[in-house]
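J.: Quick one: structure below, then a few questions.
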Amino acid sequence: MISYPFFSLSPPGLVPPPMAVPPVEMYSGSFWNRMRKPLPLRTQVIRFTVVFVIVSFILAVALQITHERMPDPKVTKPLPDLGFELLTKVPGMYVLADCCIGFLNILSVFTAFKLYLLHRHCVGSGEPELPCNIPGVSRFFLSVWLCKENCRIELRNIHTIAWIRFITSYALLLLFRSAVIVMTSLPAPDDLCQDPPKIENPVKNVILTVLTAGGGSIHCGDLMYSGHTVILTLHLMFHWIYGAMVHWSFRPVVTVVAIFGYYCIVASRFHYTDDVLVAIYLTIATFIAVGHNADGAPWQLQLFIRWWPCCGANSREVTEDSQPVMVAFKSEELDEMNGVLEGRQKKHGGVGDGESLMFKCGAYV
């Protein structure tokens, strides 16, 4: 019989982070310990996506209020701005900023799909197959891309965790923006809002704002801080962390596109320079604060969705999001622990759930 030291064996190619499957004892006991128990990742994806939709409606209402409160451009002139003085005004550049966002949206979806393929490869599911094999196309879209130099994160469930981090950061930033744009009304810069149109149907305008992400609705005065800059920077951070794991070129490409988008926003005079700078700082700080965690969003954010009676289960199945692990013991150590267990049974009339779980996972080797 071969003897091994006490250790954990994982499936080939999988290296789980420490405490990937928290023990039962960690979340038993006090109320706050139970509140810190992570929700299933699938539940977080669904509920935080619903939260994002709700926040989008809140922002749409805030944009409506801001439009009505905006100072009259005929009376209040634009504020002095160093960016306006250094950059020549190019009215059509705002369209290019939208194009930059559209390009990054597509690239982020592609990256998220590649992260999903990495997850499948990690758990041993292999590459998916198309109904009809198209030479070159199938290999490009369905092959696993991995830049090992930038891969320092556990790949299991990485696509789900990345989406949770992205959507929660975006929701927090939009919710804070809803408050900021209403609190202080700044004079419109030298853009199309110098002659703001009247909103005839507020409800329709709110719905259009949500459905078109602001592109098909009327809103002026939402200056501090820039929503376009938020999404540009959020894509930048997403690819700086996760895109670089797929391909090394994503970092420089997205950085150039984001910087060009910032330039377009200021050069078109749709935002003051401070609107852009504050949005960049807040987005980077929020994305870092939310962080990447095997449990998904920080437990403080999960408190806002923990009480929901719908949209997913509130208890985590061990096999859903966790790393399957087999624990091996030396035979003499297992005999000794079984003796301790029998002694506790005679003395206390039973054992705890955690002890039972541990010995069920034990194996002779």
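Backbone N, Cα and C define each Cβ position, glycine as well.
As annotated in Swiss-Prot:
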ACT_SITE  His228  active site
ACT_SITE  His271  active site
ACT_SITE  Asp275  active site
TOPO_DOM  1-44  topological domain 'Cytoplasmic'
TOPO_DOM  66-92  topological domain 'Lumenal'
TOPO_DOM  114-165  topological domain 'Cytoplasmic'
TOPO_DOM  187-229  topological domain 'Lumenal'
TOPO_DOM  297-365  topological domain 'Cytoplasmic'
TRANSMEM  45-65  transmembrane segment
TRANSMEM  93-113  transmembrane segment
TRANSMEM  166-186  transmembrane segment
TRANSMEM  230-250  transmembrane segment
TRANSMEM  252-272  transmembrane segment
TRANSMEM  276-296  transmembrane segment
J.: Within this structure, do the transmembrane segment (93-113) and the transmembrane segment (276-296) have 3 or more Cβ pairs under 8 angstroms, counting pairs 6 or more apart in sequence?
T.: no
J.: In Å, rounded, how far does the Cα of Asp275 (active site) sit from the Cα of His228 (active site)?
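T.: Cα to Cα, Asp275 (active site) and His228 (active site) are separated by 10 Å.
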J.: Who sits close to His228 (active site): which same-chain residues at least 6 apart have their Cβ under 8 Å from its Cβ?
T.: Ala97, Asp98, Ile101, Gly261, Ile265, Phe270, His271
J.: Honestly, do the transmembrane segment (252-272) and the transmembrane segment (93-113) touch, with at least three Cβ pairs under 8 Å and pairs 6 or more apart in sequence?
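T.: With 3 or more qualifying Cβ pairs, these stretches touch.
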J.: Taking DSSP states H, G and I as helix and E and B as strand, how many residues of the topological domain 'Lumenal' (66-92) are helix, strand and coil?
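T.: Here the numbers are 9 helix, 0 strand, 18 coil.
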J.: Is the transmembrane segment (166-186) packed against any residues at least 6 beyond its ends, judged by a Cβ distance under 8 Å, and which are they?
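T.: Counting only partners 6 or more residues beyond its ends, the transmembrane segment (166-186) has Cβ contacts under 8 Å with 45, 48-49, 51-52, 55-56, 58-59, 61-63, 65-66, 69-71, 79, 108, 221-225, 227, 230-231, 234, 238, 272, 282-283, 286-287, 290, 297, 301.
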J.: Taking the topological domain 'Cytoplasmic' (114-165) alone, what is its mean pLDDT?
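T.: Value for the topological domain 'Cytoplasmic' (114-165), mean pLDDT as a whole number: 82.
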J.: Where does His228 (active site) sit in DSSP terms: helix, strand, or coil?
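T.: Assignment for His228 (active site) reads helix.
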J.: Enter the number of other CB atoms within 10 angstroms of the CB of His271 (active site).
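T.: For His271 (active site), the 10 Å Cβ neighbour count is 27.
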